[in-house]
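Chemist: Right, I'll just put the structure down here and ask away after.
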Amino acid sequence: MTKTSTCIYHFLVLSWYTFLNYYISQEGKDEVKPKILANGARWKYMTLLNLLLQTIFYGVTCLDDVLKRTKGGKDIKFLTAFRDLLFTTLAFPVSTFVFLAFWILFLYNRDLIYPKVLDTVIPVWLNHAMHTFIFPITLAEVVLRPHSYPSKKTGLTLLAAASIAYISRILWLYFETGTWVYPVFAKLSLLGLAAFFSLSYVFIASIYLLGEKLNHWKWGDMRQPRKKRK
């Protein structure tokens, strides 16, 4: 049975992410902000895509919580499996990647990722909501509830597919507009871009494996059992 406190926590997190998405959508209507959201609108930034991803995940999680309390676990195995797959392959790796990549680049040279002019446009609290608080929230999910991991091949393949899709969008936007989503890309040669994207995947794949280790450390082996061949 899902604990009431965990259900309440999931609902509060869902409300928080829903509020952030709504607030940012309203901010985009301000006359000062269209330049930031132009050429691909909100969906060119991994930060904002991550907020949407977390909202979807916690929406699924809340639905799973409610149905478990009303119907029991047997009737919603598919939903629980989807919840776990979404968290293990996307929600945890992406939010942790956004947190680490943003602050590493910010501390090295903020102009590569978040130019100072954005301080006059984006409130400090919103910056931290998008880039800082996402990590303790996703880490809390690891601690509060066990998640069944797929095989490494399946998990890393799904993560690679999502990474390729996002990189393809970045490149498409550049060829369409002549402007890079993030300033750091303008500093790199073609070879440098290839290396950056490759290392980014290695980084996020390492985060995926770390999530699996943390889950195993806290809850034991939760990997999905392999189907026996007939």
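Numbering starts at 1 and runs along the chain as displayed.
Using the three backbone atoms N, Cα and C, a Cβ is placed for every residue, glycine included.
Found this in Swiss-Prot, in case it helps:
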- 4-24: transmembrane segment (TRANSMEM)
- 25-46: topological domain 'Extracellular' (TOPO_DOM)
- Thr47: site 'Important for catalytic activity' (SITE)
- 47-67: transmembrane segment (TRANSMEM)
- 68-85: topological domain 'Cytoplasmic' (TOPO_DOM)
- 86-106: transmembrane segment (TRANSMEM)
- 107-119: topological domain 'Extracellular' (TOPO_DOM)
- 120-140: transmembrane segment (TRANSMEM)
- His131: site 'Important for catalytic activity' (SITE)
- 141-154: topological domain 'Cytoplasmic' (TOPO_DOM)
- 155-175: transmembrane segment (TRANSMEM)
- 176-189: topological domain 'Extracellular' (TOPO_DOM)
- 190-210: transmembrane segment (TRANSMEM)
- 211-230: topological domain 'Cytoplasmic' (TOPO_DOM)
Chemist: State, in range form, which of 4-24, 47-67, 120-140, 155-175 has the highest count of Cβ pairs under 8 Å to the transmembrane segment (190-210).
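Modeler: Comparing 4-24, 47-67, 120-140, 155-175: 155-175 has the most Cβ pairs near the transmembrane segment (190-210).
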Chemist: Are there any residues in the same chain, six or more apart in sequence, whose C-beta is under 8 angstroms from the C-beta of Thr47 (site 'Important for catalytic activity'), and if so which?
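Modeler: In sequence order, Val98, Phe102, Met130, His131 meet the Cβ cut-off.
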Chemist: Which listed stretch (4-24, 47-67, 86-106, 120-140) has the most C-beta pairs under 8 A with the transmembrane segment (155-175)?
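Modeler: By the under-8 Å Cβ criterion, the transmembrane segment (155-175) pairs most with 86-106.
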Chemist: Using a Cβ cut-off under 8 Å, which residues of the same chain at least 6 positions beyond either end of the topological domain 'Cytoplasmic' (141-154) come close to it?
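Modeler: Residues packing against the topological domain 'Cytoplasmic' (141-154) from afar: 6, 9, 81, 83-85, 87-89, 91-92, 209, 211-212, 214-215, 218-220, 222-224, 226.
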Chemist: Of the residues in the topological domain 'Cytoplasmic' (141-154), how many are helix, strand and coil by DSSP?
Modeler: 7 helix, 0 strand, 7 coil
Chemist: Do you know the DSSP helix, strand and coil residue counts for the topological domain 'Extracellular' (107-119)?
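Modeler: Secondary-structure breakdown of the topological domain 'Extracellular' (107-119): 10 helix, 0 strand, 3 coil.
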Chemist: Could you tell me what the rest of the chain brings near the transmembrane segment (86-106), counting residues at least six beyond its ends with Cβ under 8 Å?
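Modeler: Distant contacts of the transmembrane segment (86-106): 46-47, 49-50, 53-54, 56-57, 60-61, 112-114, 130-132, 134-135, 137-138, 141-142, 147-150, 155, 158-159, 162, 184, 200, 203-205, 207-208, 210-212, 215.
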Chemist: What parts of the chain pack near the transmembrane segment (4-24), using Cβ distances under 8 Å and only residues at least 6 beyond its ends?
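Modeler: The answer is 42, 48, 51-52, 54-55, 58-59, 61-62, 65-66, 69, 126, 129-130, 137, 140, 144-145.
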